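Peer 1: Sharing the record's features from TrEMBL:
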- 62-170: domain 'MTTase N-terminal' (DOMAIN)
- 198-429: domain 'Radical SAM core' (DOMAIN)
- 429-491: domain 'TRAM' (DOMAIN)
- 556-576: transmembrane segment (TRANSMEM)
Amino acid sequence: MPAACDSVLEDIEDIVSAEDLKPHDRQFVRKNVFPKVRKRHSQKNIQTDDDPPSDSIIPGAQKIWIRTWGCSHNNSDGEYMAGQLAAYGYKITDNSAEADLWLLNSCTVKNPAEDHFRNSIKKAQEGKKKVVLAGCVPQAQPRQDYLKGLSIIGVQQIDRVVEVVEETIKGHSVRLLGQKKDNGKRLGGARLDLPKIRKNPLIEIISINTGCLNACTYCKTKHARGDLASYPIEELVDRAKQSFQEGVCEIWLTSEDTGAYGRDIGTDLPTLLWKLVEAIPEGAMLRLGMTNPPYILEHLEEMAKILNHPRVYAFLHIPVQSASDSVLMDMKREYCVADFKQVVDFLKEKVPGITIATDIICGFPGETDEDFQETMKLVEQYRFPSLFINQFYPRPGTPAAKMHQVPATVKKQRTKDLSQLFHSYNPYDHKVGERQRVLVTEESFDSNYYVAHNPFYEQVLVPKDPLLMGKMVEVNIYEAGKHYMKGQPVSDARVYTASITRPLAKGEVSGLTEEFRHAPQNGTKWKAHPSAEIPVKTPLSSWMALQLPWQQEGGGLKILSVSLALLAVLVMFYYGGMKTEL
């Protein structure tokens, strides 16, 4: 039974259970200890399996199931944690029932996502599974009742997931929620060169910064990810190069706000993008993540040039959230509707065919019918091909949760009305008959097609021909739906092999340096990279990594000294307990 952690521990070494014996209690335990007669077993009964039994508490011998909710940044964190655990020797499984431990990586953006997270915790406990919690929910509110007594790893501590899992397997409850700093300055998070298992071996997700500069009144993610902290350009470029060397053909840049990149380290997003473009091989593509309007306004000219580059998708996700300036002011979004329109109009003019995706919140506190109608007009004007419609949910601890709420029935009706408007137009009908160049990267949900994207990151379904996967091909568009087009490969067209090397197999660990590759698996510890902040090893037994006395010069004398010291400690505990009793 793990000891409950009602307060945040500074480090994993601080594990203390209320049931632990004090020195003066040891004398009374001695009289209850009896020698146990061991039964002799014949040779035929000795277990010969190489694998430990399924109920083994030897760290590194268990199966782990990882579930991630939320954004691509969260998915990247999940991939990093899976990679480190697999490199250590744990088996990452897709079967939750056979897993010994569940690693649940949460999202705090909306109530339903947290509800799924809470339900998964309950299900794990009912199934007698060990549980480690990660992501934005426990980071933002670690003292919630349903998190008590469970191990938690913070969003900036994912490079120590092996330690937390190891101690949880042993029955301890551990929490690592600290902030990474260098000379007092907050760092972006875990290193980018950690081992990783990509969900899709062809797609690399790179978080270019964590946190943001805004303080939106409805946002819970800011409580977890904090203020802006950007990774250096050279580290991001190195990660991209490494990805291409491992067979990746598509890179996604992600963060809470990619447009704000670099403002904390004296650079900016266009500077990073031009450096990354130089590293992209022919046939591979780069997709830029979400950027808020304020931080792209000053870079419109450069961003248009970058989005016109043949190895960059002409796609940008710019959340508007509402077309009412009064609502935007209550949200503290730091822009007005005119700013959003300026960004969209400029990019549409300078980047022909660009795809603009946006987000809208229906029923924000104080939103009137007139405010909502302004939002409807905006969607009707731009007919966004990709629109993320969200009904407002008050998140605990946010200023918006304390505002006067719009009735639930009104929120639902507005969400329904906007959804109907969105589904009233088909953005791709006019593209039937076109010849397009597409990059094939994944399989469709129904497993009937492969999924590709054209230069505008529009989804194109192609036949399931294994020769097409990871390739850039030309197709004729013969059908269009609301969210996709269907294309037939052109027989006489050139096919680009985007990857510069063979992609990793599904489930294969990415980012292993030579020292990782030569480290034994199946439960044997792997050494951390020399630049790691804290080596990934069991802290409670990390003294074993030191050179032992018999390995040193004059070993015999040192063994005697160590033995005498240990004997003195035992005697002190023994007589100290007796003295306390008297």
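Backbone N, Cα and C atoms are what each Cβ position is placed from, and that goes for glycine too.
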Peer 1: So, by DSSP, how many helix, strand and coil residues make up the domain 'MTTase N-terminal' (62-170)?
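Peer 2: Final tally across the stretch: 53 helix, 24 strand, 32 coil.
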Peer 1: Within the domain 'TRAM' (429-491), count helix residues (DSSP H, G, I), strand residues (E, B) and coil residues, in that order.
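Peer 2: Summed over the domain 'TRAM' (429-491), the classes give 6 helix, 32 strand, 25 coil.
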Peer 1: As a test of reading the model: what is the averaged pLDDT for the domain 'Radical SAM core' (198-429)?
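Peer 2: Its mean pLDDT is 95.
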